[in-house]
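Below: one structure, written as structure tokens.
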Amino acid sequence: MSNAAAVNQPVVGIVMGSSSDWDVMQHAVAILQEFGVAHEAQVISAHRMPDQMFAYAESARTRGLRAIIAGAGGAAHLPGMIAAKTIVPVLGVPVPSKYLRGEDSLLSIVQMPKGIPVATYAIGEAGAANAALSAIAMLATTDDALANKLLAFRAKQTQLALDMKLPPV
Ligand code: RP5
């Protein structure tokens, strides 16, 4: 394998239960792109393609993934089932659902029984973006250049807050 291929080898996997999750999950992809982290994104449905889901999870570690961001809505079993088949850390994103606004997704993902963890994030866009930032923070523990990018990202947010002005009463 050439160095260029190794550099582009995905280290973060993003999976979602349906293409209808993309509006939310694209925010995780956008953050990884912004930080220049090699990633892959695809639809893996726990109940519609369970064999592919297991194959994805089982091969994740040997393929070099160091974190998996898994988004799903409703009875959102995708993150937990992926976590059941790999020791690569799984970051779960609850996608807003049609009838329960994603509270069902949140509870499905966050209530993993003791022993198989899924780090669970906020419902929707903020959760997707923060899951990506957490994956970056994990990678940054062994990557100083990435750590510096993350520090700069934080500093930018600090400056934005410092610059905030309130309207007159
Ligand atoms: C879940 O069911 C997906 O993650 C999605 O949030 C939800 C609805 O899927 P579609 O009916 O839109 O394909 O598996």
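Note: Cβ is positioned from N, Cα and C throughout, glycine not excepted.
Features of the protein shown, as given by TrEMBL:
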| type | residues | note |
| --- | --- | --- |
| BINDING | Ser18, Asp21, Arg48 | substrate binding site |
| DOMAIN | 10-161 | domain 'PurE' |
When a 10 Å sphere is centred on the Cβ of Asp21 (substrate binding site), how many other Cβ atoms does it contain?
24
Would you give the longest CA-CA distance, in whole angstrom, between residues of Ser18, Asp21, Arg48, the set recorded as binding substrate?
15
Which binding-site residues of Ser18, Asp21, Arg48 contact ligand 1 in the sense of C-beta under 6 Å?
Ser18, Asp21
Could you name the residues, excluding Ser18, Asp21, Arg48, of the same chain that surround the substrate site, i.e. Cβ within 8 Å of the Cβ centre of those residues, in sequence order?
Met16, Gly17, Ser19, Ser20, Val43, Ser45, Ala72, Gly73
Same-chain residues at least 6 apart in sequence with Cβ under 8 Å of the Cβ of Ser18 (substrate binding site), in sequence order, are Val43, Ser45, Gly73
Looking only at the domain 'PurE' (10-161), report the model's average pLDDT.
98
What same-chain residues, at least 6 away in sequence, bring their CB to under 8 Å of the CB of Arg48 (substrate binding site)?
none
